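In what follows, a structure is listed as structure tokens, so that the remarks can point back to it.
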Amino acid sequence: MSVRPDARPAGHKPPFWRDRAKRALIFQLILVAVVAAFLIYIIGNTQANLEARGITTGFGFLSDTAGFGIGQTLIEYTSQSSYGRTFVIGLLNTLLVGGLGVLAASIIGFIVGIARLSPNWLIAKLANAYIETFRNIPLLLQIFFWYFAVLRTLPSARESMAFGEAIFLNVRGLYLPQPLFESGFGLIPATFIVAIVASIALVMWNKRRHEATGKRLPVFWMSLVIIFGLPLLVLVVTGVPVTWEMPVLRGFNFGGGITIIPEFLALWLALSIYTASFIAEIVRSGIQAIPHGQTEAAQALSLPRKLVLRLVVIPQALRVIIPPLTSQYLNLIKNSSLATAIGYPDLVSVFAGTTLNQTGQAIEVIAMTMAVYLIISLLVSMFMNWFNARVALVER
Amino acid sequence: MIHNKDMIPEQPAPKGTIGPIGWLRGNLFNGPINSLFTLLGLYVLYLLLVPTIQWAFINADWIGDSREDCSRVGACWVFVNARFSQFIYGLYPSEEYWRANIVFAMFAGIIAWMVIPRLPFKRWMTVFALLGFPVAAYVLLHGGYFDLPRVPTHRWGGLMLTLLLASVGMIGALPIGIVLALGRRSNMPIVRTFCVIFIEFWRGVPLITILFMASVMLPLFLPSEINIDRLIRALIGLTLFQSAYMAEVIRGGLQAIPKGQDEAAAALGMTYWKRMGLIIMPQALKMMIPGIVNTFISLFKDTTLVMIIGLFDLLGIVQAALSDSRWLGFSIEGYVFAAFVFWIFCFSMSRYSQYLERKLNTGHKQ
């Protein structure tokens with residue numbers, strides 16, 4: 001081996017700007033300094049601006065009296081309640097529309113996604129038309145459509161559309177009968193929980209028996225019967241301890257029953273329909289991602305078609321479907337903040353809207369609002385990581 | 001032994017399995033449940049299409065200039081007609097429309113150039129689209145140079161503003177997104193932490209709170225003598241929001257490049273920036289284009305949110321026109337028009353991204 005004439009002598013150290021580790025350290029220190037300087041600049045400006053406007057920082061305003069009304073409150077609230085209470089009200093309303101939206105969007109999305117793969121040409125095309133229409137129109141436009149063009153043009157309370165004598169729909173919202181629970185009703189939820197525990201035990205027993213003997217029972221139908229049949233049986237035996245309070249027209253408006261405000265209906269409809277179009281695409285691509293060889297191999301083992309789906313296709317498809325599905329759920333919850341455009345009292349509308357305007361505490365209010373969404377995102381992504389680790393392919 | 005010495009001639013396929021009847025049997029009436037679904041689907045189609053066509057075309061009124069020209073049986077497109085130039089240009093002064101038109105034409109030209117595969121000089125066109133076009137568009141739209149009268153930004157609106165917000169958000173987000181994505185994959189722990197926090201923060205909060213923040217908090221962050229235009233504030237919010245999503249798309253593309261590429265380049269003695277600029281990015285960017293188009297589609301739809309902080313984009317100007325007392329009660333027409341415009345843009349973009357995905361996929365199949 002020949003020695004190159006310009007080879008460096010042993011022990012020679014390169015100058016620090018050629019040393020990768022030192023360069024990285026210097027670069028990172030510069031970055032920290034720049035970010036710190038930026039933050040100090042911003043904080044200094046903010047303090048000066050706040051002093052000029054006479055706003056005191058801090059969270060003391062949360063205990064002040066709010067003094068405004070809110071159209072939909074899940075817990076008790078009056079205009080004498082505090083600003084802190086408006087935060088809770090807004091958060092609960094956001095979670096309500098988010099939760100119900102996730103539920104409806106999943107149902108519609110799965111149905112449309114499976115219909116998209118239907119062997120029936122017409123059904124597949126209809127599902128495709130649904131997806132392409134609703135996912136290419138901005139959500140805010142869809143919310144406006146449902147609210148201003150559909151729900152705000154409904155007839156007044158006196159000429160409401162009636163479905164039977166129990167459900168009424170008019171410009172002020174949807175009126176449903178409210179169940180009033182009498183004594184003895186507590187038994188039914190209790191039975192429900194017992195039934196769920198029993199069916200879980202049944203499924204586990206069936207699995208063990210299946211592994212031991214190869215025989216299996218139709219546990220899905222059996223647990224369905226247990227979960228819904230048992231509470232129903234108790235309901236009948238105890239003599240149906242529920243009465244319904246019907247909405248009744250009094251003067252210009254309905255009284256009694258449950259009122260669902262049109263803002264909620266519009267937001268819920270638009271969120272569900274819009275997100276469902278994305279979920280449908282996710283479901284379709286998840287099912288299509290399973291190689292055809294998997295199905296064929298399962299058929300070659302003469303598994304019946306139902307079991308091919310349940311034991312081979314769906315478990316593998318779920319691995320593909322769940323990650324983008326949860327990010328769609330997250331999008332739905334974040335998109336529910338568009339409520340502010342039609343005045344549904346969600347977190348952004350009530351807290352970052354009215355409360356912010358009344359108190360002027362922009363920094364605290366926006367920080368609290370953003371923190372809520374960040375925490376929800378964080379929780380969901382933690383779940384995602386846990387799920388991914390659980391279902392990840394174990395490669396050998 | 002009995003066997004036939006002659007080949008049996010080819011028989012035509014049974015009548016029921018070929019042609020339109022065969023297609024119908026195979027795809028629509030294949031078993032009783034399927035037939036039921038087909039009939040149900042036809043009924044739904046009938047319920048949806050017939051009233052829609054009657055409303056939108058047969059009974060609609062097209063010509064006129066006031067609400068009296070509408071019979072109110074079908075759609076009143078007179079409303080859209082009367083407001084059309086406002087929907088496109090916002091409150092831009094009508095004698096200056098030609099300036100907006102030139103920008104529109106340049107925009108369409110660039111898009112066409114990029115989309116049609118046969119045209120040459122794509123790279124130079126990209127450079128122009130990213131650097132030259134924004135400057136030219138600003139000079140033309142804003143004015144104040146070359147004797148062009150100044151048009152303040154609060155008069156910009158309509159489709160013009162929607163396209164402007166989406167393009168600027170996109171062009172601004174691309175470089176920030178690349179830097180963030182490289183930072184997130186960097187070996188330097190502090191850089192990586194900053195990038196992760198930045199990306200996850202913007203991705204974790206709704207756009208509307210970012211726009212609120214941009215319009216309420218940005219003035220607080222800056223010295224009181226600096227007064228930022230409302231449009232610029234919205235653009236800053238949109239760009240930062242978009243850059244976080246862009247970073248994730250770019251990171252996905254970078255991850256798809258085999259590690260051997262980077263190692264081979266390093267073995268040739270290339271520096272980090274040369275490896276990224278000459279080896280990794282050109283391969284990764286190609287694979288990222290569909291993802292970038294998809295984030296652009298969502299940005300395009302999300303620009304509608306700026307109406308909540310008081311800018312008049314296409315949806316904002318339609319909403320404003322609906323509350324005009326001379327034209328009350330035409331909300332469906334207004335929304336259908338806006339939805340149609342948005343749909344055309346988003347649908348063609350998503351088709352283009354699907355086409356690209358198919359086209360780019362072939363090179364990597366083994």
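Using the three backbone atoms N, Cα and C, a Cβ is placed for every residue, glycine included.
Curation does not apply to TrEMBL; its annotations are automatic.
Per TrEMBL, the features are as follows:
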type     : residues  : note
TRANSMEM : A:24-44   : transmembrane segment
TRANSMEM : A:87-115  : transmembrane segment
DOMAIN   : A:91-384  : domain 'ABC transmembrane type-1'
TRANSMEM : A:136-154 : transmembrane segment
TRANSMEM : A:184-205 : transmembrane segment
TRANSMEM : A:217-244 : transmembrane segment
TRANSMEM : A:264-287 : transmembrane segment
TRANSMEM : A:365-387 : transmembrane segment
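Residues 87, 91, 94, 322-323, 326-327, 329-330, 333-334, 337, 347-348, 351-352, 355-356, 359 of the same chain lie 6 or more positions beyond the ends of the transmembrane segment (A:365-387) yet place their CB under 8 Å from a CB of it. Contact between the transmembrane segment (A:217-244) and the transmembrane segment (A:264-287) does not hold: fewer than three of their C-beta pairs are under 8 Å, each pair 6 or more apart in sequence. Only residues 6 or more beyond the boundaries of the transmembrane segment (A:264-287), in the same chain, are considered here, and those with a CB under 8 A from a CB of the stretch are 72, 96-97, 100-101, 104-106, 108-110, 112-114, 116-117, 127, 130-131, 133-135, 137, 139, 142-143, 145-147, 150-151, 173-174, 313, 317-318, 320-321, 324-325, 328, 331-332, 335-336, 338-339, 342, 344, 346.
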